[in-house]
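Please read the structure below before turning to the comments.
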């Protein structure tokens, strides 16, 4: 696929948090490459669909890591404009304000500035992605072999044996993935509502729009975020969807 304009610019090295890498040579890396190749086709609705014979949890895991990296980079380009004084609360327009709680370290929601909130949020997401029991990098079992035989991807990776020893996804994986995506959405919402002028000055709006459209089509395909949570960007979501009909 083509390098995104963000990667070729001088600001590219500035990510907000360290990038989360998917180990090269792993099945998840192959899935990521598959996702990138289908994205290049330009049909986003098709690109987000579960590839034939693949495991849904693994597909969601790979894409969640990818969205974390994308948002990490997008927010990294505007951190100098998102400060304690410019954004004393974490908001998405005048009607939506977010207070932070993670259920473990901070149980009672606290009101804090947007940079602080996003720091808490991205650190929390990073901790989930780094947790091998939640996001196993070596997936086990035969779940990705469909009744029609393994997918093309799997055949390339598993020439003879259809089983790989490894770690399965935990039972609570889907609910954790949904929480991660729900929270990542809030960073997009904050950028669109409070920093879109900076995004335009940096000529990053095409990159932001493509990334967000991919994100939205993905969460819609698998019903991963409640519609109420998407309300701050409802109009934009409608617009992106109607262009594709």
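Even glycines carry a Cβ here, placed using N, Cα and C.
TrEMBL lists region 'Disordered' at one of the ranges 1-23, 24-46, namely 1-23. Excluding 82, 87, 190, 195 themselves, the residues of that chain whose CB lies within 8 A of the CB mean position for the Zn(2+) site are, in sequence, 78, 81, 86, 114, 115, 118, 191, 194.
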